[in-house]
Amino acid sequence: MKRYLRERYREAKRSTAELVPSIMSNLLNPDAIFSNNEMSLSDIEIYGFDYDYTLVFYSKHLHTLIFNAARDLLINEHRYPAEIRKYEYDPNFAIRGLHYDVQRAVLMKIDAFHYIQLGTVYRGLSVVPDEEVIEMYEGSHVPLEQMSDFYGKSSHGNTMKQFMDIFSLPEMTLLSCVNEYFLKNNIDYEPVHLYKDVKDSIRDVHTKGIMYRAIEADIEKYIRYPEQTRAVLAKLADHGKKMFLITNSPSSFVDKGMRYIVGKDWRDLFDVVIVQAEKPNFFNDKRRPFRKVNEKGVLLWDKIYKLQKGQIYKQGNLYEFLKLTGWRGSKVLYFGDHIYSDLADLTLKHGWRTGAIIPELRSELRIMNTEQYIQTMTWLQTLTGLLEQMQVHRDAESQLVLQEWKKERKEMREMTKGSFNTQFGSLFRTDQNPTYFLRRLSRFADIYMASLSCLLSYDVSHTFYPRRTPLQHELPAWSDRPPAARPPLLQEAQAK
């Protein structure tokens, strides 16, 4: 049996090595748009946008600014020890979509079935041993009642907070750094208070204008790729598409950014501009009326009967917006980076089409296109299939061989995780399951892409077809797939 299993192993290795060249000739295009739901751009008459991380992309300097400013607010206003100033922002520590247990002060990655990915649970800056995690949660499953609420918040008895915003990366890192300081110095503290203080400090970086003033003072340092946004807006305008902007950012900040990206006449491109909308409340609260903002940023008291082109409006609500514009249903496509605050209500309650901006997608696809990653993943899948088939051999000799295979499989999983992020791995997958983040992305976004510039590669009448991935009980007869069902390939894009 031992010789038999070894031979099957060698055969599998040979067949895997033969597969890799064909996979390498069909690499995924990092600038492609991916579809969860069939959608034709020919049906879209109106394009809507969030501002931060949708129309405008920021440099790596911004998260360092937010981290440092919030850390200083903790020291100066919340009386935290000055020694925490020694901690600096690490852009490689956290990933988006993680959950934070507010009462236990641990950060973790959870999959689509509410299972914790062991090895991704961190208290402070140190990983929590698997045995401790299993004891803490009586297994690795997090019950529904402990999960965050619909918008990812820790409220109404939920103990978990999910960090879905790109701006939350410095928040997670700061939480972990302060936790680390308290733990290393044996300082007793209340985790709930720490979470609230860090959350308030991060909020104040925005609401007190610290971030806005810094960006406005050195706009070239912080805003990246303005020419790409400009090209997308120009393309849509040339094809007669209506456009609107709904953002939580303030008027003067948006105006300066858009002047830098598009020019002083940027408002001529947009049929409606709404600032300080307070999403997601904007999509649900029917009571708040719109207010016009004049050229000096002063709020006017006029009653709004029509949303006029070239004007800027503050607050309001979507129900009034729909009444004043008549823009309803699937002819509207709205883009945003926050799956909950930007997209969830629109797709669930209002029938708009939605596009998610996921900047991390481009870097993850580039990793997935490397030969090392393809070799590892191809062999990992083959070895998993071999384990499934050979587990019927229960004799002691066979079991020793299977244990060796399991050990190799575990090592490869750890290696692939580290390819994306040493602590938490990929934004989209745990070891074998989709992440909780991807589950929500699949539900609330019709299409998703790394940036708005991906639209430049597609005609305004293009139809996006989701790939028919096989269910567990279906035969993956991929050789029979029609061309439209294949993934968007890098080679085809380069040939064009």
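Using the three backbone atoms N, Cα and C, a Cβ is placed for every residue, glycine included.
Note: TrEMBL annotation is automatic and uncurated.
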Of the residue ranges 35-56, 299-320, 475-496, the one that TrEMBL records as region 'Disordered': 475-496
Cβ-Cβ neighbours of D52 (GMP binding site) (radius 10 Å): 23
In the chain carrying D337 (Mg(2+) binding site), residues 6 or more apart in sequence that have Cβ under 8 angstroms from it: D50, D52, Y53, T54, D165, I166, A356, I357, I358, P359
